[in-house]
Amino acid sequence: MKLLRYGPPGQEKPGILDAAGRIRDLSAHVPDLAGEVLSDAGLARLRAIDPATLPLVSGEPRIGACVGHVGKFIGIGLNYADHAAEAGMPVPKEPVVFGKWTSSICGPNDGIDIPKGSVKTDWEVELGVVIGAKCKDVDEARALDYVAGYCVVNDVSEREWQIERGGQWDKGKGFDTFGPIGPWLVTRDEVPDPQRLDLWLEIDGHRYQNGNTRTMVFTVAQLIAYLSTCMTLQPGDVITTGTPPGVGMGIKPSPVFLKAGQMVRLGIDGLGEQLQSTRHAQ
């Protein structure tokens, strides 16, 4: 299934794409795509509904983040060896974990606000993993059983705040609008191997990132198992799993960063695309 949330910010309704790619309204069946709705049992109930029987959503509504009421938005850094090299950092021996504040979450096509005074706002296309069941101390072999589905994430980052101002990644990762998620939550049954997904990103039509999740340092299963040893993962938590090379700060001979008035387009095979305009934060 391809699940989504549509409507104005803070008023999103749950929906599903039908066979023709049209949005159907799920709000008569579930209040939101959040919490226990994302469990195996909750998704099985949605799967039993014939989308053709649901109300058709007219027009072109705003698409919100594909998960509501996210409890934890967990980032993984330097999870592609070639990205670590372009960043001038060693390949990690254990996952680099940081938090993205949930207030950074926005829809996949909402604008990106460049923070006041920023000259180092950067892009990162990433595979997002949505947890579907409470998860603590799980084995790698069973880790994917706890996944509800997958989505596209742009891990927008302000490099001065991330690296130069005390070295705390959280500070550079959590500005408002720095967490576009979606457009869809694609359930795990439709993604047989999360380590075989092409991902890409363009700025104003120029392709900067081309990668595949097979080159991750730590696989999705390894990340879930690792994180579950130091925290309890809950339904609706989102893990964004790192980016391939091609980010702005790694461009030679001179880094390239986002400016107001640009268009950012990114996507992952089978998971959809995002399109964001950049603007100065007010």
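Note that Cβ sites are derived from N, Cα and C of the backbone, with glycine treated the same way.
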Checklist line | Swiss-Prot Mg(2+) site partner of Glu124, Glu126, selected from Asp82, Asp145, Asp155, Asp170 | finding: Asp155
Next item on the list: Measure the Cβ-based neighbour count of Glu126 (Mg(2+) binding site), defined as the other Cβ atoms within 10 Å of its Cβ.
Entry: 27
Check: Under 8 Å Cβ-Cβ from Glu124 (Mg(2+) binding site), six or more apart in the same chain: what's there?
Finding: Asn154, Asp155, Val156, Ser157, Leu201, Thr243, Val247
Next item on the list: Give the number of CB atoms, excluding that of Asp155 (Mg(2+) binding site) itself, located within 10 Å of its CB.
Entry: 26
